[in-house]
């Protein structure tokens, strides 16, 4: 019984140390939309996600706290009044890939295709 407790304690300690030893790496740039970001930084332990945000013609890429990944908080921190953003939690996931704002367009296209199929099947 004592050996099991010791093993469990050891596994818990290893889990804690392993999770804190590995830091997230994010792209870190503030630039116009047309530029591409090649700089990256290792996030501090309290920053557990990467942020990619676009406000007008400006792009923000940096480490961020997942718990602060809300539009109002991001706008306040970046001093912007309107933006599109995404947060992600794996290394260099905040690359500028042009995907912001395209999901609704894809959803609309799929919806139109489904509606067309429904109407065509009733003719």
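Using N, Cα and C of the backbone, Cβ positions are placed for all residues, glycine too.
Features as listed in Swiss-Prot:
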DISULFID  26-50  disulfide bond
DISULFID  29-37  disulfide bond
DISULFID  43-63  disulfide bond
DISULFID  69-87  disulfide bond
DISULFID  88-93  disulfide bond
DOMAIN    24-96  domain 'UPAR/Ly6'
CARBOHYD  40  N-linked glycosylation site
CARBOHYD  94  N-linked glycosylation site
SIGNAL    1-23  signal peptide
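Rounded to the nearest whole angstrom, the C-alpha distance between residue 93 (disulfide bond) and residue 26 (disulfide bond) is 7. Across the fold, the C-alpha of residue 69 (disulfide bond) and the C-alpha of residue 50 (disulfide bond) stand 9 Å from each other. Neighbour density around each Cβ, counted as other Cβ atoms within 10 Å, peaks among the disulfide-bonded residues 26, 29, 37, 69, 87 at 26. Spatial neighbours are here defined as Cα atoms within 10 angstroms of one another, and by that definition the neighbours of residue 94 (N-linked glycosylation site) among the disulfide-bonded residues 43, 50, 63, 87, 88 are 50, 63, 87, 88.
Taking the Cβ of residue 43 (disulfide bond) as centre and 10 Å as the limit, one finds 20 other Cβ atoms among all the protein chains shown.
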